[in-house]
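Per TrEMBL, these features apply:
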type	residues	note
DOMAIN	B:64-271	domain 'ABC transmembrane type-1'
TRANSMEM	B:12-42	transmembrane segment
TRANSMEM	B:63-89	transmembrane segment
TRANSMEM	B:121-139	transmembrane segment
TRANSMEM	B:151-173	transmembrane segment
TRANSMEM	B:194-219	transmembrane segment
TRANSMEM	B:255-275	transmembrane segment
Amino acid sequence: MISRQQNILAYSWIWIVYILMYLPIAVIAIFSFNSSEIIAFPLQGFTTDWYAQALTDGRLLGGLKLTFLVAIPTALFSTILGAMAALALTRYPMRYRFLLLVFVLMPFLIPKVILAVAQLILLADLGIGRSLWTIIAGQTIVILPFTTLVNASVLMRIDNRLEEAAFDLGASHFSAFKRVTLPLMKNGLMASWFIAFVLSSAEYVLTSFLSGREQPLSILVASDFRFNVSPALDSIALMLVLANIALIGFGEFIRRRSQK
Amino acid sequence: MKRITIGNALSVPVFAAVAALCIAPLAILFAYSFFSVSFVAIIKDPTFKNYARIAGSSTYRWLIFKAFLSGAGIAAITAIIGYPVAWFIAKRVTIYKSALLTLLLVPLYTGDLVRIFAWRVLLGAEGVLNSLLMWIGLVDKPIDALLFSPLATHIVLAYNYLPFMVIGLWLAFEALDDRLLEAAQDLGAGSRSAFVRVTLPLTMPGLIAGALMVFVMVVGDYLTPQLVGGASGITIISAINDLFGTAFDWPLGSAIAWTMLAILALFFALAAIVISRSTLGKAMAGGEA
């Protein structure tokens, strides 16, 4: 059915696509260690100065702290809401199931700039000043579709009969949930928290509209990116990539463990 | 307590959160689209003036058309690149399947800004690609057109959203029963005819789902055209952004935003109809019907 030639073609295509996917990341990795102000070939030599420079920048460290202050509660809220949505969608019969699905997907389908300006008008009309809390509220809702998906993917694999067995043994709904379903959901919840954390820390558009005077890291980095491209920024970019990949990898590891 | 009561109770906070943080803002945005602005004050007398202005302005008409054209173009490009990739992951690998899927998604988690930064480093006039080409002697002077051009914008957009297309297609390929292809072959279909008459129709829901995701994200993308598009980076989304910022015309910005939402909703409705009529869609809707 598939000839040898087609097979070689398929393999080369996959290799090309995957190499291109990682090319930009590889490039920033290489040049963050290059000892030249200019990001260009030929390479000059090895240095870690750019990292030292980035890690001692007080302004960026302040932004990083704010990013944590936003991302930790955002990840928590969106994970709890996402888990509730996933439970309602997959485990419990309910009246407006399709409507709930539409509601959960909606923040993903609306262009972020439009959602952001809409939230901005609402805040202005209600007379609420912009603060870290407005960023948290806005981000929680755009991350909700992702946390719902992660939790639903775990819940769909849990055998319904386990809960039924608990009922047969006399457990109430609450204790069956607490002692059977929740422990099985735990890894999904943790994975969802990590993914939400990463999405929150990387979010720019919504954050820029909803932030007041306190500006998280993504806003600071964006304004730097806009005007210049320097090796120090390059090293920040690589550190962000590695931190995000480490968090996601850890989350995935936990989620995988639950499927064995 | 009945299970349905629990299900309803669980969904209430989710409904409330989306209503408060997504639907209410959009409703107010809709109301604003009928207001007007005079100097720095917003006049709350209903008027269709803003919509008339959009319809009458060739600039806004062109920007709106350009946004949807880009969305459709990138959806088509990612479909062509991603189709073999999705097929490969679903049908040709077993042990490496989850590794390939994870590797596909990892670049997404690096964040828009970092990815765009990386492309600027790569494509800039004094950037990596140009300096490499000059170093090995392929060109004498840097190619300026690489960065800050529509080409650069479209390369980065395709790069950004390819994983979403592959995921949509991959799901469809996983659901595709190989025996159908064997049957087609037994009945004398060549590989081309089997593809056109079996594989393509059966993966269509995944293609539509992937295309819709890519389409909506390209239409709504703000950062990519801004940061790598240069002068071509003016989009309808950046126009909305400006009207809410420096230009201070919230009502006009709201009207443009709602025009975009209405057109997008039309596409969603069409896609939902096509997907729900397909077999995969019926299987996914499952218990509801």
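Here the Cβ of each residue, glycine as well, is placed from N, Cα and C on the backbone.
Between the transmembrane segment (B:151-173) and the stretches B:63-89, B:121-139, B:255-275, it is B:63-89 that has the most C-beta pairs under 8 angstroms. Cβ atoms under 8 Å from those of the transmembrane segment (B:255-275) belong to residues 26, 29-30, 33-34, 50-51, 53-54, 60, 64, 67-68, 204-205, 208-209, 212, 215-216, 219, 236, 239-240, 243, 281 of the same chain, restricted to positions at least 6 beyond its ends. Three or more CB pairs closer than 8 A are found between the transmembrane segment (B:194-219) and the transmembrane segment (B:63-89), so contact between the two stretches is assigned (pairs 6 or more residues apart). With a cut-off of 8 Å between Cβ atoms, the residues of this chain six or more beyond the transmembrane segment (B:121-139) that come close are 146-147, 152, 155, 228.
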